[in-house]
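Participant: Positions annotated as transmembrane segment by TrEMBL: A:6-24, A:53-71, A:77-95, A:116-134, A:179-198, A:254-276, A:288-308, A:424-450, A:471-489, A:495-516, A:528-546, A:566-584 (among others).
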Amino acid sequence: MSLDVLTYLFVGLSFALYIGIAVWSRAGSTKEFYVAGGGVSPMANGMATAADWMSAASFISLAGIVSFIGYTGSAYIMGWTGGYVLLALLLAPYLRKFGKFTVPDFVGDRYYSSTARTVAVICTIFISFTYVAGQMRGVGIVFSRFLHVSIDMGVVIGMIIVFFYAVLGGMKGITYTQVAQYCVLIFAYTVPAVFLTMQVTGHFLPQTGLGAAVDPAFNSTLGGKPVLEALDGLVEELGFTAYTTQGTDNLFNIFFFTVALMAGTAGLPHVIVRFFTVPRVKDARVSAGWALLFIAVLYTVVPSVAAIGRLNLINTVNGADGKGTLYAEMPAWFKNWENSGLIAWQDVNGDGKVQYANGSPFKGAKPEFDGDKRAEDGHRLVSNGLTGDEAKFDAAKQPFANEVYVDRDIMVLANPEVAQLPDWVIALVAAGAIAAALSTAAGLLLVISTSIAHDLFKKTLTPHMSEKNELLAARGAAVVAILVAGYFGLNPPGFVAQVVALAFGLAAASFFPAIVMGIFSTRMNKEGAISGMVVGLVVTACYITYFKFMGGTPAQYFMGLTPESFGTVGMILNFVVAFIVSSMTPPPPAEIQHVVEDIRIPRGAGAAHSH
Amino acid sequence: MTTAFNTSKPPFNLLSPAELGVLQNNLDIAYFQAGEVIIKAGEPPEGLHILLKGRVAEEDEQDVARPEELRHTYVHYTAEDYFGAWSSMRGRAIHNFVAVEETICHILPTRILLELVDSNPVFGDYFRNSFAGRFQLRSNGNVSQDMTEFMLARVGDSCMREPLILLEGTCIQDAFALMRERKVDCLLVRRGGRYGMVTGTDMLTALLQQGLSAATDVADIASYRLIQVGHDEYLFNALVLMTEHRIERVVVKDDQELKGILELTDVLSYFSNHSHVLGLRIDRAQTVEDLEEVATGLNDLVQGLNVHGVKVQFAMELIATMNEKVMAKLFNLLVPEDIQPHVCLIVMGSEGRREQILKTDQDNAVLMRNGLSWPEKQSVLEAFSRILARFGYPPCPGGVMVSNPEWVLSLEQWTQNLRHWSQQASGDNLLRLAIAVDAHAVAGNAALFKAARNWFFREMSSNQIFFSHFARAALNFSTPLTFFGGIKNKEHGLDIKKGGIFPIVHGIRTLALEHKVLETNTFKRIDQLIDSQQLPEKLGLDLVHALGLFIQLRLQQQLERMKSEGASDKDANMLVVERLDRLDRDLLREALHVVKEFKQFLTQRYRLEG
């Protein structure tokens with residue numbers, strides 16, 4: 001069976017499984033009038049949460065970004081995992097007691113102000129949109145590779161499938177479907193990782209594979225050295241900074257970046273909702289624990305997939321002798337991904353060999369393909385390629401100019417092919433990536449559509465809207481969300497994980513402090529919260545705009561902080577401004593203060609009826 | 001197979017005999033093969049089609065060209081169903097009607113149908129009306145049915161009075177005194193072998209108008225042309241006699257032996273007196289024994305109401321009131337007077353909602369003031385439950401009653417329980433909470449109960465997450481409708497509690513709790529929710545009709561089963577669709593669609609997707 005047929009089979013089977021479960025769980029009428037626990041065990045709910053949580057960004061993009069930016073990339077892993085813990089322990093239980101499904105609802109009621117609600121709604125929608133855009137790009141990458149179409153076409157196909165799946169199929173948030181999705185995606189992620197680790201090191205467990213030594217059978221020169229040491233040596237030879245020290249010159253920045261990711265993550269709307277789907281409070285806590293475990297299974301595999309994948313990629317492209325490989329001898333995966341437009345080769349030195357090193361072989365960072373024109377040997381021609389001396393490189397640091405462009409987002413998908421794993425493993429990865437993207441996209445679309453329909457229209461703009469129109473507005477919002485997300489999928493403003501990081505910075509600077517103070521400070525009033533949110537949001541947005549779109553240079557960074565990290569500064573400003581403003585304005589109504597106290601220390605009616 | 005046209009089914013039973021004649025004379029009979037198009041979309045139909053045999057599908061216009069599996073069928077019609085009325089009246093069909101099987105049907109030509117619709121407005125309304133309108137029609141039909149049942153009662157076993165009989169020679173003055181003493185307005189006087197009747201009015205006429213003296217013999221002013229009815233005559237005939245003769249009393253005889261007097265007012269207030277008297281007797285009861293006698297009498301009332309087919313909502317209200325009176329009285333008899341201001345008896349569940357038709361399980365609890373010392377508590381309350389059981393209120397199998405210390409709680413404990421249940425809103429806790437939410441105070445100090453209830457309203461106020469979990473139970477069962485919108489029918493019937501009653505009751509309960517509606521009765525809750533604009537008016541009214549219909553159909557079949565086979569409790573909620581007539585089946589289907597719509601409303605309202 002060919003790889004394509006296998007892929008269709010795996011993807012088709014996994015879809016049949018999800019739909020089957022959805023139908024089965026719909027049709028099943030219970031016997032009892034009042035069902036215990038909704039029939040979902042905390043463990044199953046933990047898996048479902050993990051599936052919601054692990055998006056295409058986690059599945060497809062995370063290992064890729066760590067792979068290319070090295071050590072600094074661990075900030076993503078720490079930030080996102082830490083954010084989950086923060087959310088599970090610090091926020092979700094109190095939000096549940098407060099009785100609100102969404103952060104905007106909480107903010108709106110806690111600060112008795114529809115202005116506050118609207119600010120929060122806008123933040124939520126913005127984060128969700130960027131997040132969905134990431135999913136779209138992820139799905140697009142998978143489809144483009146396995147249906148042999150361009151990435152743009154892949155995104156369009158992905159949009160259509162997500163639309164049917166999430167909006168028409170009515171399959172949003174069915175716990176057991178998501179359990180199945182988790183199983184598919186975790187299997188799809190770990191199996192190739194085990195194979196890859198075995199192949200490169202002879203050690204079977206990916207989590208500890210980084211400490212193992214490279215197998216001499218894999219590469220005779222690197223054989224015997226620990227993986228990271230081998231990788232450091234290899235990339236330094238090619239003119240890159242050592243993998244393990246990349247970015248460590250500014251630990252302060254990494255720290256702020258991690259905090260921004262954590263705080264931003266803690267407000268992720270579609271994950272918060274998951275804490276509320278279990279009827280018993282205790283079960284909700286237990287399932288949060290399970291979810292953390294299930295998330296950890298994937299996240300701990302990421303560093304080794306990243307490092308070993310990079311090693312394997314360089315080894316394959318440059319050959320065992322490190323001098324490059326003739327294009328004609330390149331394996332099929334290289335050409336396949338080239339067809340998707342996610343790999344490009346520009347023969348800078350004209351030797352017919354593919355060579356990978358530091359630098360860009362193009363004017364600009366990305367290749368611009370010259371239509372579908374091909375060279376005599378079959379590789380795609382680019383219109384912005386450099387030749388000969390145009391490509392400047394420091395001959396003291398690297399042996400040749402870079403000739404290859406590899407999109408970071410293909411790392412996880414390409415890994416099994418690069419490592420020449422069996423076809424069924426590659427097919428499995430495709431099914432897993434689609435599962436990751438669909439589960440998150442469906443959850444997010446639900447959140448976006450209800451946020452717009454419920455929080456924005458019903459609660460703020462048109463309070464007398466009928467339930468029917470609310471449903472209509474929700475559907476409409478989902479469609480718009482898919483279209484906008486599709487647009488960003490076609491024209492990504494950066495790599496998936498990075499765009500998402502920017503959105504998180506804004507979230508951290510805006511509503512994270514509002515939530516925390518809303519729960520833990522009885523004194524915080526609407527004036528404080530709103531001015532805090534506005535200051536945090538505006539300062540952070542200005543910083544990002546200046547450096548990302550108005551040509552600010554890294555030399556001008558405030559205390560060396562990148563735009564992605566600046567959210568933490570915004571957050572601190574938010575806290576400070578909120579406290580100052582609230583101490584100068586009247587305290588919130590007594591009723592609100594009681595509610596906030598009750599969230600943590602409940603009272604009974606006995607006290608109320610002591611007369 | 002008979003080809004006679006069944007004129008006893010609605011709407012044809014609304015036609016007068018003359019109109020039926022017109023109908024019979026103009027009916028055609030037609031035969032269609034499977035697959036044949038009977039009415040084509042866009043064309044005028046021949047008329048109203050009434051199916052005799054076979055099956056017809058109503059489909060989209062374009063569907064004829066499509067393969068079978070792609071067709072969208074709106075509804076299937078089978079024997080005794082009719083179709084094409086709307087199309088006929090409109091002049092053009094918008095859907096195709098296609099014979100799925102070999103089909104034979106009567107056709108009432110459009111011209112005749114329109115004539116009948118014009119000449120008989122009620123018949124016309126039947127075709128024009130919406131669901132609510134048709135329900136109205138059904139209810140009116142029922143009222144007359146109630147009357148019929150009522151009229152089937154016999155003179156002897158209803159409201160006949162024992163007569164005051166005097167001998168000839170009693171003077172008016174003495175006779176009047178005796179009448180006052182016996183609190184009657186009429187007496188019989190015997191002269192020779194004959195009886196004569198004298199009423200208060202007769203005496204007044206004699207004294208004031210004719211100027212006779214008070215010493216006159218009553219036998220002289222009596223009327224001897226008495227109208228009499230047999231002892232086992234129908235009450236109905238007695239009423240006819242009275243109206244025919246414009247009199248207010250008739251004499252009841254059994255084989256020439258005088259049995260009593262039947263008064264018009266007694267006949268007319270037959271029902272209300274029945275329950276009214278019971279209510280008074282409960283109030284007057286001084287001992288447990290007195291009360292027991294009345295409580296046993298309640299059983300007859302319950303059966304009577306059911307047999308006479310009194311409107312269900314009215315019957316439920318009446319029975320609940322009586323049951324509560326009995327419980328309150330018993331509680332007051334048993335619990336020492338100095339304790340009563342510190343405790344409160346509440347009834348919960350269906351009793352709390354006042355929605356039981358038969359005497360149901362004891363679902364009750366006692367709230368106490370915090371720190372109340374009442375050593376005999378356990379023994380008194382155990383006695384309370386035991387005596388109620390003796391009165392015919394079966395003990396609650398789940399132990400939700402005051403003999404169970406778990407349901408005898410201080411205010412503090414009670415509120416703690418409510419909080420605990422609401423935080424673990426699943427399974428038994430959800431059940432307990434649902435029972436408790438329907439509670440209302442029956443005896444003792446109601447302020448205690450109100451404090452707890454108001455606290456709970458505040459505690460849960462705007463807790464969307466709690467309400468979402470609470471509401472979910474309403475979606476536990478799928479609505480028994482097929483993909484095509486017909487009734488999903490199984491051989492042993494459909495469970496109407498799961499399919500219709502519970503979703504409405506629980507959904508309304510959730511909305512009522514969220515919006516702090518004090519009423520506990522589902523019908524009244526719906527009214528209040530509509531008033532406060534928390535429920536769209538149309539949906540609310542449809543729900544009232546639907547719930548009323550479900551309860552009525554269930555009771556109807558329960559009674560039928562009791563008569564014929566002595567049904568077990570297990571299938572108390574089963575509706576056998578085949579036993580319903582065409583109209584009831586129609587109404588049931590539409591009512592189930594209302595349930596479906598309500599579930600969608602809840603899903604949207606409480607975010608229950610998935």
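Every residue gets a Cβ built from N, Cα and C, even glycine.
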Participant: Would you say the transmembrane segment (A:6-24) and the transmembrane segment (A:566-584) are in contact under the rule of three or more C-beta pairs closer than 8 Å, pairs 6 or more apart in sequence?
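Facilitator: The answer is no, given that the two segments have fewer than 3 Cβ pairs within the 8 Å cut-off.
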Participant: Are there residues at least six beyond either end of the transmembrane segment (A:6-24) with Cβ under 8 Å to its Cβ atoms? List them, or say none.
Facilitator: 146, 169, 171, 174, 176-177, 180-181, 184, 423-424, 426-428, 430-431, 434-435, 438
Participant: Is it the case that the transmembrane segment (A:288-308) and the transmembrane segment (A:53-71) have 3 or more CB pairs under 8 Å, with pairs at least 6 apart in sequence?
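Facilitator: Contact criterion met.
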Participant: State, in range form, which of A:53-71, A:179-198, A:424-450, A:528-546 has the highest count of Cβ pairs under 8 Å to the transmembrane segment (A:254-276).
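Facilitator: Highest pair count goes to A:424-450.
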Participant: Okay, the transmembrane segment (A:424-450) and the transmembrane segment (A:53-71): do they have at least three CB pairs under 8 Å, pairs separated by 6 or more?
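Facilitator: Yes, since the transmembrane segment (A:53-71) and the transmembrane segment (A:424-450) share at least 3 Cβ pairs closer than 8 Å, they count as touching.
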Participant: At a C-beta cut-off of under 8 Å, are there same-chain residues at least 6 beyond the transmembrane segment (A:179-198) that contact it? List them, or none.
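Facilitator: Same-chain contacts beyond the flanks: 14, 17-18, 21, 44, 47-48, 50-51, 54, 59, 204-206, 209, 212, 294, 297-298, 301, 304-305, 308-309, 312, 412, 415-416, 419, 421, 425-426, 428-433, 435-436, 438-439.
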Participant: Pairs 6 or more apart in sequence, C-beta under 8 angstroms, 3 or more of them: is that satisfied by the transmembrane segment (A:424-450) and the transmembrane segment (A:77-95)?
Facilitator: no
